[in-house]
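K.L.:
One structure is given below, represented as C-alpha cells, and several questions about it will come after.
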Amino acid sequence: MPEKKEFKRLPTDVKPENYTLRLQPDLDKFTFKGQETIDVKVLSSTTSITLNSEEIEIQSACYKAADAGDQNLKAEVKFEPENASVVLSFPSALQPGSGQLCIDFTGELNDKMKGFYRSKYSSPSGEEKYGAVTQFEATDARRAFPCWDEPAVKATFDVTLVVPKNRVALSNMPVKSENDLPEDKDSDGVLVRVYTPVGKKEQGQFALEVAVKTLPFYNKYFQIAYPLPKIDLIAIADFAAGAMENWGLVTYRETALLIDPKNSSSKSKQWVALVVGHELAHQWFGNLVTMEWWTHLWLNEGFASWIEYLCVDYCFPEFDIWTQFVNSDLGRALEMDALHNSHAIEIPVGHPDEVDEIFDAISYSKGASVIRMLHDYVGDESFKKGMNQYLTKFKYKNAVTEDLWESLGKASGKPVLDVMTTWTKQMGYPVVKVSEKQEGSNRVLTLTQEKFCADGVQEKEGSFSWMVPVSISTASDPKKAAVVTLLDKTSMDVTVPNVSPDQWVKVNCESVGVYRVQYSSETLDRFIPAIKNKTLPPRDRLGLQNDLFALARAGMISTVDVLKVVGAFVNEDDYTVWSDLTGNLGQISILLQNTDGFEDFKTFSKKLYKPVAQSLGWDAKESEGPLAAMLRELALTRLGKYGDEETVTEARKRFENHVSGKVPLPADLKGPVYLTVMVNGDETTFNQMMKLYDEADMQEEKVRISRCIGSIKSDELKKKVLDFAMSDKVRSQDTVFVIGGVTGTVQGRELCWQFVQDKWTELHERYKGGFLLSRLVEVSTDNFVTEARAKEVEKFFETHSAPAAERKIQQSVENIRLNAKWMERESTSVLKFLRSQ
Ligand code: BES
Ligand code: ZN
C-alpha cells in the first residue's frame, strides 16, 4: 500500500458562527460568483486564518474586528492545495474577540458531480438545459465557498441565491416561489414537496406519500419534532450517490425518487421507499446531531441504514423488509468483513481520500447490522429511550460513538459500551462453533468463538474476541428465542431445556447476530426436514445456507456437502431466501465458468429454479404482493440466463410483442425478459434494445437496459457496449455499471479488465476521489480466478494510483486469491457431484 499522505486539519484558533452567503451561478458560462461575510470568533491572537477552499479563486479577503470601527485588514491570500485550504494572512495580529471575514470569490460549475456543479437535463420539448446543484459531503463544500469544512465546526447560514427569474431556486429553508408541484403537509404541519423534472410531477407522488408518512413516524420514534418548517425532495439528473440528506432539501438521483405507477418495478418502489426513509432519518441522525469526525461516520450511515428498514416495514409491511435486511445488509457486511483487508467500523481517517473510502459496506451494512443486534439485545423500549436521550443531549452539536453507547447503556442498564466496543473498534466478527449433547430432556451446547476469516486462515497479528449476544431457538417454538445469553469468553456451555433428541436447536435466532455458526454435520442434518417443510423460519433458513456457503469458501466444510443441503430448498417460496441462495450459487457459477463443466451447473440450476417459476407463471395474479413479483423476476432471470428453452422462447415472444407495441411488458417482467433475450440474442436483438434505450423517457428504463445489454454473447457487441458506456449517451454516474454489465462471461471479464486498463487515465480523471472508482475496480477485477490475475491486478495498480480505492484494490486481490484457492481445492469434486445429479 502507498504511504499515508500527510494531511493537516484546520487550526482551531478561529471559529465561524454565522455565514452570510451569496451565490450567483451563470448557467451559460458554467461559472459562479460568490460573496460571503463570516461572523467569526477569534479565540487566541493570530496573524492568519486558515479555512478550506478548493478550485476556487479568491478576488479579495479582509477582516474587520467588531470593535475596530471601519478599519478593514486586507488579507494576503495563499492556497495550500495539498491541504485543500487557503491561508489568509493579515498585516497585524487579530485579537481575541468577534469579527467579520469578508471574501469575494469565483468558481467553475464543474462536471464532476461535486461541490457546486452543473447537471444536464432535457426540457419536455427535448431542448438541452442545465441546472446548478450542490453536493458537499464528504469534503466538497470547500469547492463552493471558502469555509470550515469539517463536521464539528457547525455554524448557521443566511443564504441568498441570485438566479434568473424563470428559474426555481431552492435552499435548506423556505424560499419565496410559486410552483405547481406535488406537495403536502405532514400531520405536524411540515411542508413536504417533491420536485421532479418538468412535466413528470405524477412521478413524485409515491415518494411524497412515503415522506409524509415517514416524518411523523420519526417524530414519534425519536420523540423530537423535525425542526425545520419544510422539506423538499428533488430529483437531480447528474448525481454521483443515491441521495444526499441536505437539511430540508434532500437531493436524489432520479432512480431513487421517481416512480411511474405503470412503468416502475416493485423493486424500484421498494428502493425509493428505503432511500426516502434513509435520508429523512439523517435529518436527525447526521444533521441535528453530527459526528465529531469521520471516524464516526458510521453513526450517520449505519444508523440510517438500519432505521430505513424500520420505516419501510411500517409503511409497507408487504415487503417483509427485515428478511431482506439479512440478505442485503447483514450478508454484505459478513462477506466484506471476513477479508483480511477489511477495517474496523471506527477507523482513523485524515486525508479526504481516506474519508471517501469509508463510505463502504462496513460503515453502512456492518454499521446497520450491529445496530440491529444491539436493538435486539437491549429491547425496543430501552432503545427508543436511549436514542431520545442521546439526540436530546447532543442536538445542534456533535457526538462520538461512545456517547451513543452511554445513552443506551443508561437506558437499558446493560453493559452496552463493553459489548459494542468489541464490534466497532476491531474489524471482523466471530464464527461460533457449536457442539451439543443430549442430557435427559436438556440439550447442552458448547459454544466456542474464533475470528471468521474468508480463507479460513487466522490473522497473524492480534487476538480477536467479541462479546456476542447469542439467542437460541428450538423446533418447538421456532420464532422465539428459548435462551438468550452473552458469549463473553472464548467458550461456554449453554443448557437449552425441554428439547427432545430429534429436535433441531438453532443458534442465532432470526439471524440477528453479526456472526456465523458452524454445526457438526450430525446437528446440521436435523435442520434438513425443517428446511423442506419450512418450519424453520425464513431468516433462519437464509442465514443457515449463507453460513454454509461462506464456510465452504473458507475451506472449513466441503462445497459438495453444501450443495446437498441446497437440495432441501425444493419447496422454498420465500423471495429473499431465494435471492440469497442465488447470490451464493452465482459465486460458484462464476468459478465454474472457468471449467469444462459449466453445462452441468446450468442443468443443475435449471432444475432448481423450474418449479418456482412454474408455480408463479409469467403473468401476475391480481391478489399477489410485490414479493411474488420479485420472486418471479428472479426465477425467470435465472432460467433465461442459463438458457432454459421454454423460458427463452416465451421471453422472445413477449419481447417482440413489446417492441412492436402489441403488448407492452409490465414493469416487473422487463428485467427478466430483457436479460433473457440479450443473453441468448444476436445483433438484431442488440439493435432493438438500443432503440428502446434511445426512446426511453424514464431513467429507470435506461438504467435497466444499459445494465443488461452487456450480456450479449458476441465479443464485438460487448466492445460496442463498452464504448457506449463512455459516450455521452450514458450519464457518468451509470457508466461504471454499464461497464460491469459485460462481465457475465469469462471472455467478458477479460474484455472489461482490458478496457479499464486502456482507459484508466480517462476513468481515473472522471472518478478520482469518489466511491465510483472503487466500484469500477470491483466490477472489473473481483471475479478473476487465478493467482496470475491477482498478481496482474496488483501490478497494474502499483503503477496506476487510485486514491480512495486503495483498500478496495487490496480486497479485490484478496477475493481473486480466494477464488483461485477454491478452484484448486474443490472444482473437481463439485463438478463430479453436479454431473451425478
Ligand atoms: N450521505 C449519503 C450520501 C453520500 C454518499 C455522500 C457517499 C457522500 C459520499 C447518503 O445518506 C447515503 O447514504 N446515500 C446512499 C443511499 C442509501 C439509501 C444507502 C447512497 O448514496 O448510496
Ligand atoms: Zn446516508
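Every residue, even glycine, has its Cβ placed from backbone N, Cα and C.
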K.L.:
Have a look through GLU254, GLU301 and flag the one TrEMBL assigns to the Zn(2+) site that HIS278, HIS282 belong to.
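P.N.:
As annotated by TrEMBL, HIS278, HIS282 share the Zn(2+) site with GLU301, chosen from GLU254, GLU301.
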K.L.:
Show, in sequence order, which residues other than HIS278, HIS282, GLU301 on the same chain lie with their Cβ within 8 Å of the centre of the Cβ atoms of the Zn(2+) site.
P.N.:
GLU245, GLU279, ALA281, PHE285, GLY286, ASN300, PHE303, ALA304, SER305, GLU308
K.L.:
Which residue among the recorded positions GLU279, GLU301 has the fewest other Cβ atoms within 10 Å of its Cβ, if you could check?
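P.N.:
With the recorded positions GLU279, GLU301, fewest surrounding Cβ atoms within 10 Å: GLU301.
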K.L.:
Tell me, which recorded positions from HIS278, GLU279, HIS282, GLU301 are within 10 Å of TYR364 (site 'Transition state stabilizer') if we use the C-alpha atoms?
P.N.:
GLU301
K.L.:
Around HIS278 (Zn(2+) binding site), which residues of its chain at least 6 apart sit with Cβ under 8 Å of its Cβ?
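P.N.:
Listed in sequence order, they are ALA243, GLU245, ALA304, SER305, ILE307, GLU308.
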K.L.:
GLU279 (active site, proton acceptor) to GLU301 (Zn(2+) binding site): how many Å between their Cα atoms?
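P.N.:
It is 10 Å, counting Cα to Cα.
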K.L.:
So how many other Cβ atoms are close to HIS282 (Zn(2+) binding site), meaning within 10 Å of its Cβ?
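P.N.:
Around HIS282 (Zn(2+) binding site), other Cβ atoms within 10 Å: 23.
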K.L.:
If you draw a 10 Å sphere around the Cβ of TYR364 (site 'Transition state stabilizer'), how many other Cβ atoms fall inside it, taking every protein chain shown into account?
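P.N.:
Its Cβ shell of radius 10 Å holds 23 other Cβ atoms.
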